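Structure first, commentary second.
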């Protein structure tokens with residue numbers, strides 16, 4: 001029991017800075033939503049629809065780079081930290097290469113919005129946001145590369161501090177570009193995209209400065225000898241991260257596709273849906289931060305070839321994540337009306353958002369289990385299993401069931417946006433079951449785990 005208690009303490013110490021950093025980053029979305037809503041419901045809806053294109057695109061790149069965390073953690077755990085700079089340098093090249101297609105997708109995303117038959121004003125504002133925020137993509141991915149470097153070495157505080165710097169900068173920049181203060185143009189919701197691009201470049205430059213001067217990182221010497229791009233190594237990182245990227249993409253696009261599918265239902269429905277989704281994203285940062293900590297701990301233990309320790313870390317993470325989810329679900333049920341008032345003063349938006357947050361509270365527990373289980377599997381480098389489980393859960397179960405319930409009369413009268421939220425519940429519950437079963441199976445087959453650890457050591 002004492003071993004489990006010590007592991008939970010380690011997870012809390014690792015996950016708390018990750019949580020605060022993630023909340024700060026997600027808080028930027030909260031600020032964008034609130035400040036755009038201060039202009040009009042149309043501007044608020046434009047930010048929501050644009051985010052449904054921007055986030056899946058850029059988080060696909062983040063997923064590719066998340067493979068660096070267990071790689072760095074295992075090298076550090078096995079006493080081979082001198083090989084870390086080479087991996088990070090190749091990660092930088094991968095980030096730059098990945099940002100190019102992401103920027104092209106964002107620039108040409110207008111046809112996706114037009115296909116949803118939205119109002120002309122909403123279309124123009126959404127496209128304007130995307131054309132502004134596309135310049136954030138390279139900075140976002142480069143920042144993620146350096147963040148993975150720090151987190152793989154169990155240094156989770158730097159991203160937390162820099163996340164707050166970004167959030168603090170986002171508010172005045174939004175104030176300038178949304179409302180036209182200090183001589184800046186009044187761009188409304190489009191101004192949120194301009195502010196976001198500036199903020200992510202600021203965060204990347206700040207993280208670069210930290211990794212250059214931090215005493216704790218001197219032993220690694222990240223910038224002493226810069227490695228040239230190695231095609232085979234970049235491809236290996238891409239291949240390792242692709243299942244993670246696709247699994248994140250499938251989850252995010254489940255929510256993004258719903259935002260697009262409900263857009264013909266009107267700005268009020270889109271705005272209420274955005275309120276509930278944005279708050280759910282804030283709450284999701286708690287189990288997500290625990291998942292990052294579990295991935296680090298499992299990777300580190302595998303580097304030490306301590307398979308039992310890796311198992312303890314994953315079990316503690318699942319228990320802790322589920323406990324926190326139960327607490328947040330209860331708080332959401334109690335305070336959902338007050339929360340909705342933070343986002344909007346439109347009574348129709350508030351009424352619908354309150355009912356949607358009731359459904360959000362229901363799926364928080366299974367959402368926590370699935371994300372922590374996926375974090376443990378990332379630590380085991382069992383990336384393909386994550387990809388398969390999430391694909392089935394989100395695109396075979398979640399989205400189709402949501403569409404059938406929400407937009408057709410095959411089962412009952414169309415439920416509108418509520419049907420899609422029941423689809424969320426079904427998809428996330430399926431994901432939790434499949435990923436947990438896979439984790440338990442993997443831990444009962446230690447030969448498979450030993451092979452993966454040995455493979456890592458051979459490659460390096």
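Cβ atoms here come from the backbone N, Cα and C positions, even for glycine.
Residues or ranges marked as transmembrane segment in Swiss-Prot: 18-38, 53-73, 94-114, 126-146, 159-179, 185-205, 242-262, 276-296, 315-335, 349-369, 391-411, 415-435.
If you look at the transmembrane segment (53-73), the same-chain residues 6 or more away from its ends with a CB under 8 A from one of its CBs are 84, 87-88, 91, 94-95, 98-99, 102, 105-106, 109, 112-113, 129-130, 133, 136-137, 140-141, 144-145, 148-149, 151-154, 237-238, 240-242, 244-249, 252-253, 256, 292, 295-296, 298-300, 303, 378-379, 381, 383, 456. Most Cβ pairs under 8 A with the transmembrane segment (94-114) among the ranges 18-38, 126-146, 185-205, 276-296, 415-435 are made by 126-146. The list of residues near the transmembrane segment (315-335) in space but at least 6 beyond its ends in sequence, with Cβ under 8 angstroms from a Cβ of it, reads 4, 7-8, 11-12, 279, 283, 286-287, 290-291, 293-294, 297, 357-358, 360-362, 364-365, 367-369, 371-373, 375-376, 436. Residues 44, 46-48, 51, 151, 156, 159-164, 166-167, 170-171, 174-175, 178-179, 188-189, 192, 195-196, 199, 271, 274-275, 278, 281-282, 285-286, 288-290, 292-293, 342-344 of the same chain sit 6 or more residues outside the transmembrane segment (18-38) yet have a Cβ under 8 Å from a Cβ within it. Same-chain neighbours of the transmembrane segment (349-369): 41, 268-269, 271-273, 275-276, 279-280, 283-284, 286-287, 290, 318, 321-322, 324-326, 328-330, 332-333, 336-337, 339-341, 343, 417-418, 421-422, 424-425, 428-429, 431-432, 435-436, counting only residues six or more beyond its ends whose CB sits under 8 Å from a CB of the stretch. Among the stretches 185-205, 391-411, 415-435, the one making the largest number of Cβ pairs under 8 Å with the transmembrane segment (242-262) is 391-411.
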